[in-house]
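Undergrad: Taken from Swiss-Prot, the feature active site, acyl-ester intermediate applies to S75, supported by sequence analysis. Summarising the annotation, Swiss-Prot assigns substrate binding site to K239, T240, G241. Among the features that Swiss-Prot reports, signal peptide is placed at 1-30, with the record citing sequence analysis.
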Amino acid sequence: MKHSSLRRSLLLAGITLPLVSFALPAWANALPASVDKQLAELERNANGRLGVAMINTGNGTKILYRAAQRFPFCSTFKFMLAAAVLDQSQSQPNLLNKHINYHESDLLSYAPITRKNLAHGMTVSELCAATIQYSDNTAANLLIKELGGLAAVNQFARSIGDQMFRLDRWEPDLNTARPNDPRDTTTPAAMAASMNKLVLGDALRPAQRSQLAVWLKGNTTGDATIRAGAPTDWIVGDKTGSGDYGTTNDIAVLWPTKGAPIVLVVYFTQREKDAKPRRDVLASVTKIILSQIS
């Protein structure tokens, strides 16, 4: 992912596609007219393409907007990566404590945590935390290598029923986010379903599921996106992502003070390669979606 400090930008693909494309999953609910209008107006004013998937785990209702269209996931893929590591740790109890040494040649331009720990290395658990909470690109590549390569991450996604997630390249190449490029993409609906299974369902054992939630809740990069649109007394665990074409992404589980958790995936991408990130758009989407729940 490309960064200016800890901030991020992301992508665009196929802006002229209709609001809902292809066949939506069986769980797709009709989008309330007021929400459809608000999201369409926000998307139009921001001059980009917006994808949203929300699951209210309390009553099973969903809100979907362009949720079957592909978007470049950029660093939101690191959520799936960390989950794949946790899944492997279920059969390898010492995996998270395994010590990984790496070289200066392994360091990418965005490596805030791995650079600090170059002299003595890091454990797999520490690399996962760096990947989720600081979006450290070097940590992500080291974890992919530890799992056995890109195919291992994709195989894990398939194992939990996610047929849309596809990781084709390593960091930082996966962030080019070119329009209509299917590489390194997923759909909002697929990512929301996977988050629900991994953080709130039984795709992982309780200990691993709890650890994944802890990492998400400790994220340092999402204060201006979904968290900014949620009530301040709610707990939010998220993973942001960004790349070229001003793409700005966030995927999250929100724990209200009362009621069941909410899964929310927001992908946004723009028309120009050098477009600036729009974290404000993600915050606005969150407010629109949550207004339908309260």
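For all residues, glycine too, the Cβ spot is worked out from N, Cα and C.
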Undergrad: How big is the Cα-to-Cα gap, in Å, between G241 (substrate binding site) and the residue listed as 'active site, acyl-ester intermediate'?
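TA: Their Cα atoms are separated by 4 Å.
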Undergrad: So for G241 (substrate binding site), how many other CB atoms are inside 10 Å of its CB?
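TA: There are 30 of them.
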Undergrad: Using C-alpha atoms only, work out the spacing between T240 (substrate binding site) and the residue listed as 'active site, acyl-ester intermediate' and round it to an integer in Å.
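TA: If we compare the Cα positions of T240 (substrate binding site) and the residue listed as 'active site, acyl-ester intermediate', the gap is 6 Å.
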Undergrad: Just the number: how many Å between the Cα atoms of K239 (substrate binding site) and S75 (active site, acyl-ester intermediate)?
TA: 8
Undergrad: Tally every other Cβ atom lying within 10 Å of the Cβ atom of K239 (substrate binding site).
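TA: Other Cβ atoms found within 10 Å: 28.
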Undergrad: Inside 10 Å of the Cβ of T240 (substrate binding site), count up the other Cβ atoms and send me the figure.
TA: 32
